[in-house]
Amino acid sequence: MASTPRAKTFKSPTKTPSNIYRKSYLSPSSTSHTPQTPETHTPLRRSARHVSRKIDLGNDPIDAPGNDPIEGMNLIRKRERAPRKPTTDVVPSKSKKTETPKKKKKIDSFTPVSPIRSETIKKTKKKKRVYYNKVEFDETEFEIGDDVYVKRREDSNSDEEEDPEIEDCQICFKSDTNIMIECDDCLGGFHLKCLKPPLKEVPEGDWICQFCEVKKSGQSQTLDLPKPPEGKKLARTMREKLLSGDLWAARIDKLWKEVDDGVYWIRARWYMIPEETVSGRQPHNLKRELYLTNDFADIEMECILRHCSVKCPKEFSKASNDGDDVFLCEYEYDVHWRSFKRLAELADGDSDSDQEWNGRKEEEVDDSDEEMELDDEVLKSKRGGLTSARGGANSRKGRFFGVEKVGMKLIPEHVRCHKQSELEKAKATLLLATRPKSLPCRSKEMEEITSFIKGSISDDQCLGRCMYIHGVPGTGKTISVLSVMKNLKAEVEEGSVSPYCFVEINGLKLASPENIYSVIYEALSGHRVGWKKALQCLNERFAEGKRIGKEDEKPCILLIDELDLLVTRNQSVLYNILDWPTKPNSKLVVLGIANTMDLPEKLLPRISSRMGIQRLCFGPYNHTQLQEIISTRLNGIDAFEKTAIEFASRKVAAISGDARRALEICRRAAEVADHRLNTNKSAKNQLVIMADVEAAIQEMFQAPHIQVMKSVSKLSKIFLTAMVHELYKTGMAETTFDRVATTVSSICLTNGEAFPGWDILLKIGCDLGECRIILCEPGEKHRLQKLQLNFPSDDVAFALKDNKDLPWLANYL
């Protein structure tokens, strides 16, 4: 195949920070219809920028075999599978100095992959890479997140055409610096003076050229299109080549240099024109509209022609005079599911959230690569100076677990217009949604989890193991496991730990316990099926050892939070999940998390035996640990007095030891202090003091429902205490009246209180249900009536712990 010489240097258009949405929340859509593009947000294009296009109003998709654009591109890929020629070093040799003219370098090694579906290239040896955030290449600066034109190898002749900086007028076929207007239909450029009648200025609103108006009126037979002068060669712009399918557009996801041969590469995330989608170009598609895909490819930087600019609808509507290389992107297109997804409007973030639905997982590409930390060096290429920047992709390792999937939403300008005070920084840092940089006070537990997982996946056989993690709420069980998995992911990228696949499931998100089969199978295979079919396929994989794809060869780590919610009448769900790791070659590691300590003892013997003896207890935090957690969050922020932090820590440690409650009290105390300082401008103490913490505690623990608990009858207090005690014993939020009545009888007998009887207890439970202190079913179910606390158990403990009439209640709370 003929190679394409590099295009001449072209000045990159001005880049804007809001080039395109930096992060997307992706999930295959259930519909395959092309979504409508709202005209209110993306008006039709009209501008005075220099544009040109042949007057062609065809709206049909690109012709391909079977009218399927993806099948058509498959024919192209057959020509790309030839073995690549070895690349040459871009650094010029210093030993030879001759005056002979240099020959143009052939770029047979350039292999931009089809944006329909990338071909995963198997690597035969490990390659060392140096990653960058920004490089200067051919006197043009490229950085992660830029949008660029990319050469299309299968039609290399189109890339060799001249790229005019100023396009020709569609009437006089001359290019000059006079103002031109763009037709919103055909995107053709016209001089104002060449129009009939001529225009003195660019009109407001939509503008359609006279030729398009004639075509729309149905009189195309009488249309006399202008013809270029004889010998005049019409040069197409990059925009025309892209929209006609002769070029590709991509977003730079990574930048690196191969240390072995010195060639610079990028990871490109492809854009797609509407004609290349399954629906083709629809009437509602704008002429400059592109779709961001979930398809990636690694290509050499020599394939890049120059910058373009892909904008969100809001920025696109303001880009009337930003040049010809401006495009709109409002939707993402899943090339595997052939579905559309509206892009979330996010700002300057990494595009990491698409890892769940990428057809080409990143670990499949980078597991064999040995990444190197970037050193200070001046890089030079054959084209010119190439400068490096510190950081790059090396700073983004291990980034797909847990709450790190959550993106940063766009902050309004009025919020960012002033400098944050210390109290405002403290309030933002103490939010429960804020992920801490480090996790203090749990290093011992994290080391034990790490050694357990490494020991489970390091063996080639990987027979499978189970670990049960338990502890009261708010003790850091889940976040500790997620932090361990994040660190292990970084070690996988470095090559010190063998690759694995990780599946995280929360029992609270399951409609029924059996749905966990469908969730596991979908996470492993990407296909959504019913739970019975999923159970059959999972049995074939874990029990019978059938392997389907490459992912099946990797060990699987399954994290199940709220494990106790999977308990059914016959306990078959837990039995199946815990039985799989015992099978030969299952390569399954199960981590179960629950609040109750003795859950294995409450299960059937066949299940508790499979759960194993590997258990890890997360005890409640004491006041010293809570103080360290809060101080770590507030590191570098001088907003709290030390006595205020200590007071909040001791108060929470005496009740429950819940770190989340301590953080919430401190955050509320910061809000109280901020209000106090705004009210009293002359206040000398600008920090959060003990009085602010006390006010926050009183506000939190003196809510109306707590006052109701304090004022109920003695038997009602015993009833609530029995419900809390039953919750601590079983770890189940939901219980039955039969169990609560049995617990009340035991408590009364132990402490010398007269048992009131079942009928009176039933009436007490119904009365508490009417007050909405508890949630209960109708009373006619009697012993089988289901009960559940409507508020946290900590609130019940706080309300009843210091009761003077029944001081022994504190022993059960």
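Each Cβ is built from the backbone N, Cα and C atoms, and glycine gets one as well.
There are 25 other Cβ atoms within 10 Å of the Cβ belonging to CYS183 (Zn(2+) 1 binding site). For CYS183, CYS186, CYS209, CYS212, the entry in Swiss-Prot reads Zn(2+) 1 binding site.
The C-beta environment of THR475 (ATP binding site), restricted to residues of the same chain at least 6 apart in sequence and closer than 8 Å, consists of PHE618, GLY619, PRO620, TYR621, GLY657, ASP658, ALA659. Summarising the annotation, Swiss-Prot assigns ATP binding site to GLY471, VAL472, PRO473, GLY474, THR475, GLY476, LYS477, THR478, ILE479, GLU562, ASN595, ARG660 and lists similarity to another entry as the type of evidence.
For 11-21, the entry in Swiss-Prot reads compositional bias 'Polar residues'.
Annotation comment: Swiss-Prot describes 27-41 as compositional bias 'Low complexity'.
If you look up Swiss-Prot, you'll see 43-52 marked as compositional bias 'Basic residues'.
Taken from Swiss-Prot, the feature domain 'BAH' covers 226-344, and the record attributes it to sequence analysis. The residues of the domain 'BAH' (226-344), classed with DSSP into helix (H, G, I), strand (E, B) and coil, number 16 helix, 53 strand, 50 coil.
Summarising the annotation, Swiss-Prot assigns region 'Disordered' to 1-109 (among others).
As annotated by Swiss-Prot, region 'Histone H3 binding' applies to 163-187 (among others), with the evidence given as experimental evidence.
What Swiss-Prot lists as region 'Histone H3 binding' is 203-207 (among others).
The region 'Histone H3 binding' annotation in Swiss-Prot covers 319-324 (among others).
What Swiss-Prot lists as region 'Disordered' is 349-372 (among others).
Annotated region 'Necessary and sufficient for ORC complex assembly' per Swiss-Prot: 436-803, in sequence order, evidence recorded as similarity to another entry.
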Of the binding-site residues listed as GLY471, PRO473, ILE479, ASN595, the one whose CA lies nearest the CA of CYS209 (Zn(2+) 1 binding site): ILE479
Confidence summary for the region 'Necessary and sufficient for ORC complex assembly' (436-803), mean pLDDT rounded: 87
Residue among binding-site residues GLY471, PRO473, LYS477, ILE479 with Cα closest to the Cα of CYS186 (Zn(2+) 1 binding site): ILE479
Candidates CYS186, CYS209, CYS212, ILE479: member of the binding-site residues with the richest Cβ shell (10 Å): CYS209
Residues that sit under 8 angstroms from LYS477 (ATP binding site) by C-beta distance, when 6+ apart in the chain: ILE469, HIS470, GLY471, ILE593, PHE618
Cβ packing number for ASN595 (ATP binding site), 10 Å threshold: 22
Binding-site residues compared (GLY471, PRO473) - the one with the fewest other Cβ atoms within 10 Å: PRO473
Rounded distance in angstrom between the Cα atoms of CYS183 (Zn(2+) 1 binding site) and ILE479 (ATP binding site): 55
